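Step one of this worksheet: look at the structure below.
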Amino acid sequence: VSRNWLLFSAFHPPSAWLFPPSSLENGSLQSPNFPDPYPRETRLRWNLSVPAGFRLRLYFSHFHLEPSYLCEYDSVKVEAEGEVLALFCGKEDTDTESVPGQQVIGSPGNALSLLFTSDFSDEERYSGFQAHYSAVDVDECSERADEDLSCDHHCHNYLGGFYCSCRYGYLLHSDKRTCRVECSDGVFTERSGVLSSVDFPSPYPKSSECVYRIQVEPGLRLRLQFDARFDVEDHPDVSCPYDHVMIKAGTRTFGPFCGNRSPGEIQTDTNAATVSFHSDNSGENLGWKITYTSTEVRCEVLQAPPHALLQPVQSEYSVGDQVVYSCEPGHRLLKDGRVLSRYQLHCQADGSWSDGPPRCHAADCGSPALVPGADVVFGSHDNSTLLGSTLSYVCREDGSNSSYRCGPSGSWVSPELGTGLPSCLPACGRPSRPLPALMKRIVGGRSAEPGLFPWQVLLSVEDLSRVPKDRWFGSGALLSESWVLTAAHVLRSQRRDASVVPVAPQDVKVFLGLHDAGDKRWATNRSVERIVLHPNFQADSYDSDIALLRLSQGAELSELIQPVCLPRLRPQDAWRWPLPNSLGVVAGWGISSPNGSSPGSPSSLSSDPGLTSDLLQYVKLPVVSQDECESSYASRSARYNITANMFCAGFLEGGRDTCLGDSGGAFVMEDGASRWAVFGLVSWGGPGACGSQGLYGVYTRVAAYVEWILEQVHTGPR
């Protein structure tokens with residue numbers, strides 16, 4: 001079926017045809033096989049539509065379907081806009097069936113749908129139906145009684161639609177129906193000017209919504225003056241319910257104004273104002289007129305608060321001017337709890353400054369940060385933290401201190417550390433179990449129980465800079481979570497000459513909490529970040545045989561891992577400590593057989609694993625007088641030089657001694673109740689076998705280097 005201006009589809013999924021609007025013609029549709037009987041189990045839908053401005057008209061010329069209760073079997077249903085317009089079936093009207101007869105069905109809009117359904121059986125043969133439809137024009141001008149949908153002034157109908165127009169002097173609104181007057185004259189930007197209602201002093205238009213905006217440059221302040229002639233429709237009992245003028249300037253609102261009394265002068269505090277005018281659909285009032293002017297805005301002259309500096313200083317400040325506050329040396333500029341170097345204000349368009357002036361306070365460094373293991377001692381009785389105040393961090397374990405002064409910047413400053421914090425050695429020298437009273441020698445001596453020497457560390461060195469590479473091990477003593485004390489020769493790369501070149505940090509492995517050197521699975525393994533050999537270390541004489549290494553990752557302290565103490569500072573008589581005949585203890589994994597060689601020369605440092613002890617050994621040794629120590633070695637060879645930085649320990653008859661592989665291990669003594677401190681480091685001995693008669697072990701005198709150690713630990717690079 002082909003009909004102009006009709007959109008038609010059937011046989012779901014539908015096909016659609018759109019025809020050009022050349023003329024309006026009628027069309028028809030019928031059941032399948034019409035006029036022969038229609039097939040069973042059929043479902044067909046016809047979708048009809050026409051352009052906007054038209055409606056559809058549908059009627060039936062023939063209708064003959066199977067009758068059923070409420071059209072349950074075969075039926076024709078007419079639908080539009082989601083609603084059922086009609087449901088037909090049978091041959092004639094009954095109480096439960098309806099046929100179209102002469103009924104004409106009209107669509108409420110421009111679309112209509114017809115659905116034909118047949119079931120699986122028929123009691124007799126039914127011929128079906130034939131329907132006819134056409135497009136009908138709508139007369140919107142006469143049918144639209146709704147005021148919101150009709151034209152304000154003039155309505156013009158045409159085939160398929162309509163349009164509205166307005167009387168002279170009015171504009172058609174964007175809704176294409178409403179007529180309005182244009183009275184929003186843009187923005188007034190000149191410093192002065194005049195605005196008024198339309199046609200003032202003639203009556204203003206009805207149904208007006210006018211908006212006038214005044215926007216002058218920043219730094220100006222508007223003044224509005226109403227003309228004495230003022231006539232806006234009002235009400236005797238209600239305030240301005242019909243027509244009114246309102247003014248909004250910044251956060252302030254003036255009005256509404258109406259009646260015949262002029263509002264007079266309005267002084268604003270801004271450079272922008274909006275004048276709005278509303279009129280209803282009645283009245284013959286003359287309107288209003290406003291003359292506006294503007295004046296320049298000034299900010300108050302500022303004064304500098306105590307100890308503050310203000311730039312620039314001027315006799316007056318206009319909008320946009322800026323001032324900068326700073327403080328005299330030794331004072332801090334505070335604003336809203338923040339410390340600033342400078343603070344800037346600017347004169348705002350409303351004549352106020354952007355903020356209030358800041359205050360200058362004497363620099364206050366505040367409470368010092370806490371340092372683990374340290375006490376803070378203030379330099380004044382009132383614990384002042386103001387500019388010039390002093391304090392010290394005093395480490396509890398070693399008594400070392402770092403001095404700070406409150407600087408002009410408001411920070412505590414140390415001559416050595418700047419604004420950095422010191423570090424203190426942790427609680428030390430307290431093993432988890434007491435050392436036994438009876439102790440045998442390392443050489444053939446007794447094994448130490450786990451936790452007896454928690455500061456003992458094993459250093460495994462593999463010097464990859466040598467060809468072939470050298471490999472040896474030594475011992476060390478843990479001073480803190482990050483620092484280990486040992487002998488310098490343990491960390492020196494072996495050379496034929498006496499040059500001092502430390503091994504690379506990555507060539508050293510550190511084992512902490514180790515008991516059995518043959519089974520390191522349960523030990524804590526750390527790599528080395530930094531190696532510090534004493535600058536006065538002599539490779540030929542082993543003088544100043546002391547070194548520090550910093551772990552790349554701090555050790556976690558436990559019962560098996562604890563630091564040892566340093567001797568209490570005795571700078572004036574460090575050479576006397578330890579005292580002759582006092583007893584000390586040394587632990588290590590060195591050679592355990594009495595015929596091993598003493599660590600007498602750098603070339604003998606490489607340890608033979610077959611001669612070492614897997615289990616940690618320890619020995620108790622007496623300190624030998626310095627004269628005995630010097631004469632013992634002087635009698636053997638002139639090349640053995642005992643310096644004031646060394647001391648001897650051992651027995652004249654031999655049998656108990658430290659040995660190769662023990663190098664760098666700590667010679668510890670009680671330095672107070674249950675507090676063990678490192679007084680010596682295993683350095684060298686010889687010639688001859690370890691533990692030989694008349695052969696003492698030589699140790700680095702740690703008391704002579706306490707200040708150097710603390711300097712590295714507290715102030716050295718982190």
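Every residue gets a Cβ built from N, Cα and C, even glycine.
Note that the structure is a prediction, hence the values are computed from the model and not measured.
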From Glu233, Glu296, the one annotated by TrEMBL with Asp243, Asp280, Ser282 for Ca(2+) 3: Glu233
Partner cysteine of Cys210 (disulphide bond, per TrEMBL) from Cys183, Cys240: Cys183
Whichever of Cys299, Cys360, Cys365 is disulfide-bonded to Cys327 when TrEMBL is consulted: Cys360
Disulphide pairing with Cys89 per TrEMBL - partner from Cys71, Cys141: Cys71
Cysteine from Cys406, Cys424, Cys428 that TrEMBL links to Cys365 by a disulfide bond: Cys406
Those residues of the chain, 6+ apart, with a Cβ under 8 Å from that of Cys240 (disulfide bond): Val232, Asp234, Gly255, Pro256, Phe257, Cys258, Gly259
Cβ neighbour count within 10 Å of Cys424 (disulfide bond): 23
Average model confidence [pLDDT] within the domain 'Sushi' (363-426): 85
Additional residues around Ca(2+) 1, ordered along the sequence, whose Cβ is within 8 Å of the centroid of Glu66, Asp74, Asp119, Ser121: Arg40, Ser68, Tyr73, Ser118, Phe120, Asp122
Spatially closest candidate among Val138, Cys347, Cys360, Cys424, the listed recorded positions, to Cys406 (disulfide bond) (Cα to Cα): Cys360
Cα distance (Å, whole number) from Asp119 (Ca(2+) 1 binding site) to Cys424 (disulfide bond): 98
Cys151 (disulfide bond) and Asp74 (Ca(2+) 1 binding site), Cα-Cα, nearest whole angstrom: 47
Cys299 (disulfide bond) versus recorded positions Asp137, Asn157, Glu233, Ser282, His489 - nearest by Cα: Glu233
Rounded distance in angstrom between the Cα atoms of Cys365 (disulfide bond) and Cys179 (disulfide bond): 74
